[in-house]
Amino acid sequence: MSVVTSDRDHLLSQERRSVLENFLNRWYDGSDVSGERNWRTLINVEPVIIMLSVSLGLCVISMPLFTYWARCIEIASSTHGIDPDNVTAACAQSSGSDLPFQDVVAKDIASTRIYLQIVNTVPNLITAPLIGTWSDKRGRKNPLLFTIFGFCIYSVIQLLATLTYNYISIYYFFFAGELLIGLTGGAGSLFSMTLAIVTDDCRHKLKPGSSTVPLRIGIASFLQSVGTFFGTLIMTFLAVPALYSSYRHQLSYVEATSLQTLCALIAFAYAYFVVRETHFPLDENYLFHRIDGGGSDDNIEQQSSSSVKTCGNLFGLCEVLTQKRPGWTRFCLNMSLMFAMVEFLASDVSLLFLLVKRQPFSWSDKLFTYYSLARGVLYSIGMVLCPLLLTLVHWLGKDSLMILIGIAASAVAFIFISYAQSTTVIFLTAALTVLCGGIAPGYRSFLPRMVPKEQTARLLTVCTIIGALCPVFSAAIFNSIFYITLTWWPGFAFFVSGILQLLVVGGQGAIHILMRPQWLAEKRLRAQINAHSLTVGCDNPVSDEPSTTASVVDPVLNDQSLEEHRRTVNV
């Protein structure tokens, strides 16, 4: 039996290694790899997060600017009868004036964006649950590669749009790109898969009775924000005012999308060769049959039964939301997801861009990138600063408190933007972004803490679906409000968003109160298990190497005992 166990452990260790590690191990015996294993356990999917964030940062900033420029040229040349030789000059000068032509371009972009979001969201609602179930049932790495591949093709399509917008309408490429990325899980699946890997790596810290936000989750959120910041910073250097040089202005969009595509390809290559698998739902049975040598029929039967259950796996998301959990946990989980959806509705950079392009602001592309850069820096600082400050206190539900403070700050910022009449006021609201930086690590710690490991990817898939639905509702609601109130209060959409976020603050406060007794009970349970483990450790006689073994095994046993307790309560 010991031989089977050792062989199984050997095969499992091979599965845990990345493609690059298995390749290098053919020439290296691994006699001195303690330091190497140390950094391998600390770094896994984080470089992928950085590269994808840089790519998305370039996309989020450059695409609204490019869309406004390309549609301005197309509308001016096709419907307003402007001479093709003067169309670039007309669009370059329109951003500094309050002409009716500017309203036509803004309304065209706001209305078409609704249909773009629908084309993205409808297939995303089908593929995102499949990807989440695939990740929970078969491991994390292949779904991650699938979603990154879709984003690479999406970036190539955007690059083609920037190269051919003078001859072909950009909306042909935009609709094709949104459909394709929707079929591969959308941008939300990119980060939900990376976050699932990070959560697996630090799962032992998301234990009942603990309210501390794991540092690795905070670092992953920080890296995502830093990557977006670098994408914005790169766009700041690339941006050229249209009045300075129309050719350089057009070339800046091509350079931005080229870098976006390059970063996406690097992320795919790193994920394929270096990223390790962290979830092995079939290891116990599959490896046992491989070692035992007589399980071929069982394997065939298992594969056929899994194919029959494919349709049933689509309902795995409902299991995450409806499974009975201790106390108010199930209710608070569902309410938190609903409030997260309302919060996601408020984040619309494209709508802010349309606002500041008008009088009395009349921002240039470079000024908008400076504002986005300032927000990105402060947001990144907040992602690290908020969890670190909360380590100084011993309150329960620190992640919930970060969500409360961050959403309250965001609500105040949106209300101030709705009344702003100068560029200074809008830049001052960026200071509140430091507190908003605690929202992302707060949710990424607060939500996975409520479910066991085998439901992590499906829970994050629910968040992905919410993130996919929100732009559609946001475009349908807030773009319509912006379209209707454009002449008498352009900032009214931001005022409505701020009020909705204040309602979320009240709801999250209620969740915090309801979960507090559960947190106290889990804290007492953890203290009892720790005391019991210490007592058992003292009573058992140990041989020559007791301390290291006990220090490694006891925490694992404690976590398993707590998890079993939660499962029995769920039943």
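Positions of Cβ are set from backbone N, Cα and C atoms, glycine also.
TrEMBL entries are annotated by machine, without manual review.
The annotation domain 'Major facilitator superfamily (MFS) profile' is assigned in TrEMBL to 50-524.
TrEMBL lists 48-70 (among others) with the feature transmembrane segment.
Long-range contacts of the transmembrane segment (144-165) within the same chain: residues 45, 48, 52, 55, 59, 63, 66, 70, 73-74, 131, 173-174, 176-177, 180-181, 183-187, 189-190, 193-194, 197, 253-254, 256-258, 260-261, 264-265, 267-268, 271-272, 275, each at least 6 residues beyond the stretch ends and with a Cβ under 8 Å from a Cβ of the stretch. Positions annotated as transmembrane segment by TrEMBL: 144-165 (among others).
Taken from TrEMBL, the feature transmembrane segment covers 171-198 (among others). Non-local neighbours of the transmembrane segment (171-198) in the same chain are 44-46, 48-49, 52, 56, 67, 112, 115-117, 119-124, 127-128, 131-132, 135, 140-141, 143-144, 146-151, 153-154, 157-158, 160-161, 164, 216-217, 220, 224, 275, 278-279, 444, 456-457, 460-461, 463-465, 467-468; each lies 6+ residues outside the stretch with a CB under 8 Å from one of its CB atoms.
For the transmembrane segment (219-244), the list of distant contacts is 46, 49-62, 65, 69, 88, 91-93, 95, 191, 194-195, 198, 251-252, 255-256, 259-260, 364-366, 369-370, 372-373, 376-377, 379-380, 383-384, 437, 440-441, 444: same-chain residues at least six beyond its ends, Cβ to Cβ under 8 Å. Here TrEMBL flags 219-244 (among others) as transmembrane segment.
Residues or ranges marked as transmembrane segment in TrEMBL: 256-275 (among others).
As annotated by TrEMBL, transmembrane segment applies to 331-356 (among others). Taking Cβ pairs closer than 8 Å, the transmembrane segment (331-356) reaches residues 60-61, 64-65, 68, 106, 109-110, 113, 321, 325, 363, 367-368, 371-372, 407, 410, 414, 417, 423, 426, 439, 443, 446-447, 450-451, 462-463, 466-467, 469-471, 473-474, 477-479, 482, 490-491, 493-494, 497-498, 500-501, 503-504, 507-508, 510-511, 514-515 in its own chain, all 6 or more past its ends.
As annotated by TrEMBL, transmembrane segment applies to 376-396 (among others). Counting same-chain residues at least six beyond the ends of the transmembrane segment (376-396), those with a Cβ under 8 angstroms from any Cβ of the stretch are 57, 211-213, 215, 218-219, 221-222, 225-226, 228-229, 232-233, 402, 405-406, 430-431, 433-438, 440-442, 516, 519-520, 523.
The transmembrane segment feature in TrEMBL is assigned to 401-419 (among others). Remote same-chain residues near the transmembrane segment (401-419) are listed as 213, 343, 346, 352, 355, 382, 386-387, 390, 395, 425-426, 428-430, 432-439, 441-443, 446, 489, 491-495, 497-499, 501-502, 504-505, 508-509, 512 (criterion: CB distance under 8 Å, separation of at least six residues from the stretch ends).
Residues or ranges marked as transmembrane segment by TrEMBL: 425-447 (among others).
Here TrEMBL flags 459-486 (among others) as transmembrane segment.
For 492-515 (among others), the entry in TrEMBL reads transmembrane segment.
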Highest-contact recorded stretch vs the transmembrane segment (459-486), from 48-70, 256-275, 425-447, 492-515, CB pairs under 8 Å: 492-515
So what's the average pLDDT for the domain 'Major facilitator superfamily (MFS) profile' (50-524)? 80
